[in-house]
Amino acid sequence: MWKGLINHYKEYLPVSENTPALTLHEGNTPLIHLNTLSKELEIDLYVKYEGLNPTGSFKDRGMVMAVAKAVEAGSKFVICASTGNTSAAAAAYAARAGIQAIIVIPKGKVAAGKLAQAYMYGAKIIEIDGNFDEALQIVRDISENTSVTLVNSVNPYRLEGQKTAAFEICDGLGSAPDILAIPVGNAGNISAYWKGFKEYNAKKQTGLPKMFGFEAEGAAAIVRGEVIAHPETVATAIRIGNPASWKLAEAARDESGGKVAAVTDEEILNAYRLIASKEGVFAEPGSAASIAGVLQSVENGSIPKGSRVVAVLTGNGLKDPDTAVKASTVDMISLANDEAEIRTYIEGLL
Ligand code: F0G
């Protein structure tokens, strides 16, 4: 039985006999080959489907570590700013560990599924008229002046947990892919994957991928080289204008010979519909930025034909039902409660 990250990867993680054996059985997510898109793009394309973690996003990998270490240090409260997924994970692992999560979120900009999770897991929820970057500044300040532990990705244990996804990809493929495509918001995850690939390579000679990060165009601070005061994108998960791990993300890009590029909301929504309708894989819009980036990079030649590519799908599509309904091009057919009428309609399709 899979017993979660702390159990499985303890030799790679900063854990001791005093670290609680916290788990919701996170990690060990599927690496799915995208058959149709691979053929169309003439590459070998896989997705790391992080939406199958216990709270539906990759944040569980980092949060199990951050909360376990907070409990080990005697903390009774954890706090984070969030666009939604971090807060869902913090709330779940805090509940599991018997401590309290406090979350600060941008009002009106958190997808419905993520908000529902925060309520159900029993977080103290504070919404502000401000964006993620402003919320992060507030919780950073508060955690410095109180006994509350900060569990955003500036907490180093978060990246430690998240790096394990790179291990799983190397184990799944037998080595690192040529290119790792990943959405970039606060830039913690791209930094964690790069750390993971380097550590696994040092231990097991699994090789190193080129790191391709993708920001939403309306929030592309790293691409533009400047803080964006008012970031905007349909992909609310990555609606971030001043990424905390900016420097680490640039290091991942430069050391790996990769790139950080921007994808438009239109490209994101196109990729979002494409992987659901052509591959049966439903990921939230922020996640689809990685696929949008792959499509763009094949088109402009920065991903050569024949490359083995892994795109990280960071969150489950069910997180954001409102965007799914709005972005869908499928019309509901309303018919009478009548078998003959329904049969006539279906025969028209055949
Ligand atoms: N994809 C999803 C679904 C996310 O929720 C996030 C970040 C990212 C990608 C970007 O990852 O920040 O490490 O570059 N969500 C954070 C949150 C900010 O609060 O849930 P990153």
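Glycine residues also receive a Cβ, built from the backbone N, Cα and C atoms like all the rest.
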- Message: Of the candidates Thr19, Thr264, Thr314, which one does TrEMBL list alongside Asn85, Gly185, Asn186, Ala187, Gly188, Asn189 as binding pyridoxal 5'-phosphate?
- Response: Thr314
- Note on the structure: One should report the C-alpha separation between Asn189 (pyridoxal 5'-phosphate binding site) and Lys59 (N6-(pyridoxal phosphate)lysine), rounded to whole angstrom, as 9
- CB contacts for Gly185 (pyridoxal 5'-phosphate binding site) [other CB atoms within 10 A, all chains]: 31
- In Å, how large is the greatest distance between any two Cα atoms among Asn85, Gly185, Asn186, Ala187, Gly188, Asn189, Thr314, the listed binders of pyridoxal 5'-phosphate? 14
- With an 8 Å cut-off on Cβ-Cβ distance and a minimum sequence separation of at least 6, pull the same-chain contacts of Gly188 (pyridoxal 5'-phosphate binding site), or say none. Gly62, Asn152, Ser153, Val154, Arg158, Leu159, Gln162, Ala244, Ser245, Leu248
- Query: Within 8 Å of the Cβ centre of Asn85, Gly185, Asn186, Ala187, Gly188, Asn189, Thr314, which other residues of the chain have their Cβ, at the recorded pyridoxal 5'-phosphate site?
  - Reply: Phe58, Ser153, Pro183, Val184, Ile190, Ala237, Ile238, Ile240
